[in-house]
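One structure is given here, and the rest of the page talks about it.
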Amino acid sequence: MLQNEVENFANLLEQATVYLAPYQEKIIVVKYGGNAMINEDRKKLVMQDILLLNQLGVKVVLVHGGGPEISQGVKLLGKEPQFINGLRVTDQDTINVVLQMLAGKVNKSLVALLKGKGVGLCGIDANMLQCEKLQAEVDYGFVGEIVKVNTQLLELALSANLIPVISTVGVDDQGVAYNINADTVASEIAMALGAAKLVSMTDIAGLLRDRFDESTLIPEVEVSEVQGLIDQGIIAGGMIPKIACCTDFINAGGIEANIIDGRVPHAILVSLFGGKNGTLFYKK
């Protein structure tokens, strides 16, 4: 390295240390999905960034979805995936696919990219995600809502400096498996662990005033402003439950929550190191 390159690198490290300080030896929960999960190159970048954070002393818990793989598996059975209000209708065949693809293939492919630092888990392990059938006007089948998060296994992994990689399947008191929304799982785990930050990766720039115009990105939202944005129709559709998970986490004592654009290279690092990415939710 030339002298000026060394100096530039040192300055970069110094700046990064300032932004990283609040998170060292703290827990960050990352909900991982969307385009950053489908694109193999971006997937590798995300895993590299998570490994880097682990090496820098940040305790990362990774919660992942796997919608495209599940839909592909359902189609191989000769069925069409069904969604109502953004939630997957999960019959017996579909929950079997969820267990095979989400808790199996998808989970282990992510663990493999973490080079010995990842440990693959699902909510059934040690009753981590105790749930019950989701009660709604529509019968979604084997879709659950969380009753309790048992953190013992997660705390054990984190204390060993490992990265828990969690697929979003829970279990009820009869041993029945349920599919659970990944944003909900990430938020509930973050609250149960007392995490400092919740990060949700999406396929969009963040919260937009005009959902067809990414230049209308809202970079920051104080949680007391959320209801007004819902009333204005700015927060609508699938963003309502996603943002509700963020506000629940913050109101439970979390420092901040980010909805970030997973299409941006190194999106997690950008959000932690003071860069502009997505929408930050916080409480005064």
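Here the Cβ of each residue, glycine as well, is placed from N, Cα and C on the backbone.
Swiss-Prot names Gly66, Gly67, Arg88 for binding substrate. Of Asn161, Asn179, Asn251, the residue it gives for the same site is Asn179. Listed in sequence order, Arg88, Thr90, Thr94, Ile95, Val98, Leu102, Phe142, Val143, Gly144, Thr168, Val169 are the same-chain residues six or more apart from Asn179 (substrate binding site) with CB atoms under 8 A from its CB.
Taking the Cα atom of each, Lys31 (site 'Transition state stabilizer') and Lys242 (site 'Transition state stabilizer') are about 11 angstrom apart. Note on Lys242 (site 'Transition state stabilizer'): other Cβ atoms within 10 Å of its Cβ, all shown chains, come to 21.
Taken residue by residue with DSSP, Asn179 (substrate binding site) is part of a strand. When Cβ neighbours within 10 Å are tallied across all protein chains shown, the highest count among the recorded positions Lys31, Arg88 belongs to Lys31.
Within 8 Å of the centroid defined by the CB atoms of Gly66, Gly67, Arg88, Asn179, the record's substrate site, lie the Cβ atoms of Gly65, Ile70, Ser71, Thr90, Val98, Leu102, Thr168, Ala182, excluding the listed residues themselves.
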